[in-house]
Amino acid sequence: RPLNISEARIINGTSPYIGRAEIKVNGTWGTMCDRYFDNDANSQFCKMLGLKAADVYRNARYGEGSGPVFIDELFCYSNTASLSMCRYLAYNRCSHQSDVSVACYGPRLNVSDVRLVNGTGPDDGRAELLVDGKWGTICDDSFDITDTEAFCAMLGKNYNGSILYADCSYYKKYVGVLELTCDNVTKKWITNGECQEYRFPLDVADIRLVNGSVPGSGRVELKSMNTWGTICGDGFDMDAANVICKMLGFPPAKTLYRSAHFGPGFGPIFVDDLACDASAKHINNCSYITEDNCNHNNDISVVCTGRCQFYLLYAKENAVYILRVIQNIK
């Protein structure tokens with residue numbers, strides 16, 4: 001029997017259209033299990049919000065919900081009338097660790113003007129839109145030559161196929177720089193350079209602590225593929241902090257901070273959900289993912305126990321040995 005689904009919402013995400021998917025049944029908000037949840041299912045969910053489906057995320061990508069898990073094994077046909085009329089199990093075989101998250105395309109924007117900013121002249125630069133009296137930018141995901149020509153046409157100009165540079169760090173799990181040249185005949189991009197994907201286990205060439213108040217403290221940064229990046233604080237605990245300090249050649253950690261205590265970093269966030277046991281000596285002995293849902297405000301910082309140097313002093317007058325311990329000296 002169909003559930004009495006009266007409302008839908010997207011919460012805890014990066015925008016009103018990306019986040020955890022929740023439905024309201026008999027006055028109670030709850031979640032849906034990600035098992036078998038596909039784009040057809042998402043299409044029905046987004047339709048309840050007056051939107052179109054864009055993407056599906058699994059494993060509580062935007063946080064675990066609360067309340068009941070109303071739907072499991074949701075299966076919808078593309079022509080299904082509503083979410084309630086799809087096939088599903090209306091009892092819970094999932095935990096909130098499997099809560100589904102979604103992305104829906106937002107409503108049509110009221111674009112009243114466009115401009116190019118910070119270029120070398122009037123005909124190049126960052127593309128910006130004026131929407132409801134506010135200037136904003138355009139994400140480069142799926143932005144192609146046809147879109148470029150449409151934007152230039154709004155400026156009363158033609159696209160001339162000049163060279164563009166794409167920073168791969170804007171794409172999750174990639175580092176590097178691409179040079180893109182438009183082929184005006186084929187309407188395709190010609191690329192030079194490479195975006196390199198990073199994945200477990202990382203090839204860690206170096207590790208450092210940045211912006212700390214004393215030696216052995218600071219924001220944790222890893223170097224891989226000749227690029228410095230950071231670690232997300234999700235799930236980071238003292239066992240993981242101890243591993244970082246071991247890699248740096250310090251004794252165990254004293255303190256950890258999960259919220260950019262020593263300032264946000266730059267570049268890729270190489271590691272998320274780092275989980276280590278007490279015997280691990282390197283992050284590659286631990287488990288982690290390289291598909292993060294963090295920003296640099298979640299960068300991890302640690303304070304390691306300082307290295308010690310011992311000085312043995314001898315006072316002839318009273319034949320007393322004095323042992324002095326100085327900490328935090330490299």
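Every residue gets a Cβ built from N, Cα and C, even glycine.
Keep in mind it's a predicted model, so treat the numbers as computed, not measured.
Look at TrEMBL and you will find CYS76-CYS86 (among others) tagged as disulfide bond. A C-beta separation below 8 Å, combined with a sequence spacing of at least six in one chain, links CYS76 (disulfide bond) to ASP40, ALA41, SER43, GLN44, LEU83, CYS86, ARG87.
What TrEMBL records for CYS276-CYS286 (among others) is disulfide bond. Cβ neighbours of CYS276 (disulfide bond) (same chain, under 8 Å, six or more residues apart in sequence): ASP239, ALA240, ASN242, VAL243, ILE283, ASN285, CYS286, SER287.
What TrEMBL lists as domain 'SRCR' is 8-105 (among others).
What TrEMBL lists as domain 'SRCR' is 114-156 (among others).
If you look up TrEMBL, you'll see 207-305 (among others) marked as domain 'SRCR'. Across the domain 'SRCR' (207-305), the prediction's mean pLDDT works out to 89.
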Tally every other Cβ atom lying within 10 Å of the Cβ atom of CYS86 (disulfide bond).
18
Going by DSSP assignments with H, G and I as helix and E and B as strand, what are the residue counts for the domain 'SRCR' (114-156)?
10 helix, 14 strand, 19 coil
Just counting, how many other CB atoms are there within 10 A of the CB of CYS286 (disulfide bond)?
19
Helix, strand and coil counts within the domain 'SRCR' (8-105) (DSSP):
16 helix, 44 strand, 38 coil
